[in-house]
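Visitor: Sharing a structure here in C-alpha cells format.
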Amino acid sequence: MGVFIPCIQSILGIIYYIRFSWIVGMAGIGETLLLVSLCGTCTFLTSISLSAIATNGAMKGGGPYYLIGRALGPEVGVSIGLCFFLGNAVAGALYVLGAVETFLKAVPSAGIFRETVTQVNGTAIAQPIESPSSHDLQIYGIVLTILLCFIVFGGVKMINRVAPAFLIPVLFSVVCIFLGIFLAGKDHPSEGITGLSSETFKENWSADYQKTNDAGIPETDGSVTWNFNSLVGLFFPAVTGIMAGSNRSSSLRDTQQSIPVGTLAATLTTTSLYLVSLMLFGAVATREKLLTDRLLTATIAWPFPSLIKIGIILSTMGAALQSLTGAPRLLAAIANDDILPILNYFKVGDGGEPHVATFFTAFLCIGCVVIGNLDLITPTVTMFFLLCYTGVNLSCFLLDLLDAPSWRPRWKFHHWSLSLVGALLCIVIMFLISWSFTVVSLLLASLIYKYVSIKGKAGDWGDGFKSAYFQLALRSLRSLGASQVHPKNWYPIPLVFCRPWGKLPENVPCHPKLADFANCMKKKGRGMSIFVSILDGDYHECAEDAKTACKQLSTYIDYKNCEGVAEIVVAPNMSEGFRGIIQTMGLGNLKPNIVVMRYPEIWRRENLIEIPATFVGIINDCIVANKAVVIVKGLDEWPNEYQRQYGTIDLYWIVRDGGLMLLLSQLLLTKESFENCKIQVFCIAEEDADAEGLKADVKKFLYDLRMQAEVFVITMKWDAQMDGGGSPAQDESMDAFTSAQQRIDDYLTQMKATAKREGTPLMADGKPVVVNEKQVEKFLYTTLKLNSTILRYSRMAAVVLVSLPPPPVSHPAYFYMEYMDLLLEKIPRILIVRGYRRDVVTLFT
C-alpha cells in the first residue's frame, strides 16, 4: 500500500492508454520493443540504486532529494531536487491533460469549441478524424487541476482514502483490454481490427515514421516530424513514477523493507505489461488503425468500452493526484533543510501540510495546462525525471565505489558498475530525446547549483564527496611518501605561531596581521597554513577551553580568507608546548616546513622576563628539527591586500639558506600589495677584489633561477672594529651599540655577583653558561655593522629580509636578545629568515 500501489498508479497512466498503441504504429513492433527495453532497463537499474541507498539507514521526508543530498552534498541535492520538483509539477499537468482529452473523446458534446477535423494520410479513402479543441483542453484542465488541489488540501489521510479507488478502474481496464484483444475480430469486429494475426504482426514489425499535426494525426504536410529519438521522449514518462513510494518515505512503517521490494516489483510488473502489450497491439490492428485511433484501448476493450474510458480518466486523475501530492512535499523538504533562504516561505512544521507549496505547485501545473499540448510537455517531464535518476545512480555509484565503513545497505543486490551503467544510460536517453532540452535542463541544474553554492548555508551531511576527498587525501599523502620533496614541487607550509608575547584584546585569538603575512607566503593563495597556539595548564582541566579556543581560531582564519587549519595545544608552559608541536605536527611530507612568528619587541618589560629564554629555545628547537624560521618585526604595520607598497624588497643574503630568502621575495611580488616593488640583493664581500666576481656569480645564479633582481656587493671586514664618527646611519647604530654594551655589562656583573654569593658557576636561564667577553663584543660589532649597512642602503625599503643569526652556544638568552635588538634597530619592517638543510629552489626545468 505504501510503495507498490502508488508506483503502479504513477507508472501505469496516460501514455499506456492513449499513446502506446500509436507508438507501436509509428515505430513498429521491433523498434517499440527496443524502446521499451531501453527505458525499462534504465528504470530497473535506477530502482536497484534507489534500493541500495534507501536501505543504508533511516530516511526522512523528501524521497530522492533526501537520498541524493545526503550522498552528493547539499548543492547537488538541492539542484536536482528542485528540477525533480518541477518534473513532478509538469507531470501533473501531463496527467490532467490526458484525463481531459479522454473525457472529450468519450463525450464529444461536452466540447465548448469546435473540434478540429483532420484528413487521414495514407488511406485509400480519406476519412475525417476528430480531435478535441486546444481551448477545451485548457479550460477543462484548469478546472480539474483546481478540483484535485482541493483533495490535496484535505491532507494525506484523504489522499490515502481516495487513491485506492482510482486504482481499481486501472486494474479493471487492463483486464478488459486484454480480454478485448483476445476476442477481437470474433465479437463485433470493427474496421482496422484484425484480431490476433501473424500477418498483421509481420506488417507492423517495421517502422513507418510519418509527419503528423500537433494532435498526432498523420498528415502529408504535418508540422511534426517523428523518429525513434522523439518517441523515446514521448514514451519515457510511461516508465516514470518509480519514486512515488520513496516520496512517501516519512510515512512508511519500514522504509528498508518496503522501498526496494515495492519499487522493483512495480518496475518489473509494468515493464512486463508493456512488453506483452506492444506485441499484442501490433498483432491485433492495422497500422492505419493504430495511428488514427488514439483510444484504441477503449475500442477493443471487452465487454464495456465506455467503462474503459472512465477507467482511463480515473487512472490519469490518480496519477495527477500523486504528482500534486508528492511535488509540494518535496519542495517543503528542501525548504525545511534551510539551505536556501529564498525557500523559507515553503517551510512546514512536523506533521504539517505544505499548503503554500501546494499553491505554488498548482500554479505551475495550471501554467503547463494552458500550453495544452501533451506531446510538447512530455519531453520536459522526461528531462527532469532523467536528471533525478542520474543523480540516484551516481549517488549509489559513488557510495559503492568509496565503500566507507558507514556504507552497509541491507539491499545486497547492487554493484557500482550497475549504477554507472544506469547513470550513463540516463544521460544517453537524455541526448537521444533532444540535445537542446538536455543542455537547457543541465544548464538549469548548474545555475541552481551555483546559486546554492553562493547563497546557500553550508551544511555537512556526511556526503560521498567528503568521503571521496578524504580517501583522495590519504592516497595523495601515501604517494608523496616520506622522502624529501623535490625543489620544483616544494611548497611553503607555514606553522604560524599565534601565541602572543603580550596580551591581545579579548576574543582576538591571533594577531590580525599574521594571517595577512601567511597569505603572502603562498602563490595565488595555494598552500596550507597551520595556525597553532599554546594554552598553559593541565590538559584534563583545560580540554574544553582548548576546544573553544580552537573553534575561535578557525573562525578567525575563515574570516581572513586564509587557507589553513587551527590547532590548540595544552602544555605546562610555552616552551614544552612548542617542542611537542614541532615534533608531531603534520603527516608525512605535509609537515610544516617553516615556523612563522612575531618578533618579541616588548621583551624588556619587567613582567615578561621569561621571553628571552622562550624565544631562544624556540629558535634552537627549529634548528634541531630542521625547520626554516621566519620572524616578523613590524607586524603591526604589515600591509593588507588593499595597501599598495612602492619601493624595493631588499635581501641581505649573508649565509646559504637553500634559496628560501629569494623564494620568499618572489612570493611577495605575486601579491597585489607588493607587485609594484623591485627586488634588490645585497651580498657581503670581505675584500674589494672579490666584489666583482661575487656580483657576476650572483647575477648568473639569479638568471638561472628565472628571478629578476638588482645585485649589490658591499665590502665589509667582519673582524675589524668600526670607527666612530662615520655616516648618520653609523652614528645611530653606535648609540644603540653603546646602550646594548652597557646593558650586557650590567647583566654580566649581576650574574657574577649572584654566582659568587651562592658559590655556583655562572648561571643563566636555569643552566650554567660560559661567557667569553671578547666573543660577546665581536657579536655586538658584527650586528652593529650589519645594522648600519641596512640603515644606509634600505631605510626606505618596503620590506627588508636578512639572515637570522643562530643563537651562540653557552651565551645567555638575554645576550642574544641584545644582539637581535641591535641588528633590528631603527628598521621598521623586516623579516629575519633562516633556511634549513635543503634547497627550495632549483636551476633546472
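Backbone N, Cα and C define each Cβ position, glycine as well.
All annotation found in TrEMBL is predicted automatically rather than curated by experts.
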Visitor: When TrEMBL marks a stretch as transmembrane segment, which of 258-280, 649-671, 810-832 is it?
Guide: 258-280
Visitor: By DSSP, how many residues in the domain 'SLC12A transporter C-terminal' (512-633) are helix, how many strand, and how many coil?
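Guide: DSSP composition of the domain 'SLC12A transporter C-terminal' (512-633): 59 helix, 29 strand, 34 coil.
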Visitor: Where among 7-27, 258-280, 420-449 do we find the most Cβ pairs under 8 Å to the transmembrane segment (33-55)?
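Guide: Looking only at 7-27, 258-280, 420-449, the most contacts with the transmembrane segment (33-55) come from 258-280.
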Visitor: Any residues 6+ beyond the ends of the transmembrane segment (137-156) with a Cβ under 8 Å from its own?
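Guide: That would be 92-93, 96-97, 99-101, 103-104, 110, 112, 162, 251, 317, 320-321, 324-325, 328, 353, 355, 358, 362, 365-366, 369-370, 372.
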Visitor: With a Cβ cut-off under 8 Å, give me the same-chain residues at least six positions beyond the ends of the transmembrane segment (300-321) that come close to it.
Guide: 9-10, 12-14, 17-18, 91-92, 95-96, 98-99, 102-103, 105-106, 144-145, 148, 151-152, 159, 162-163, 165-167, 169-170, 172-173, 176-177, 179-181, 183-184, 187, 193, 241, 284-285
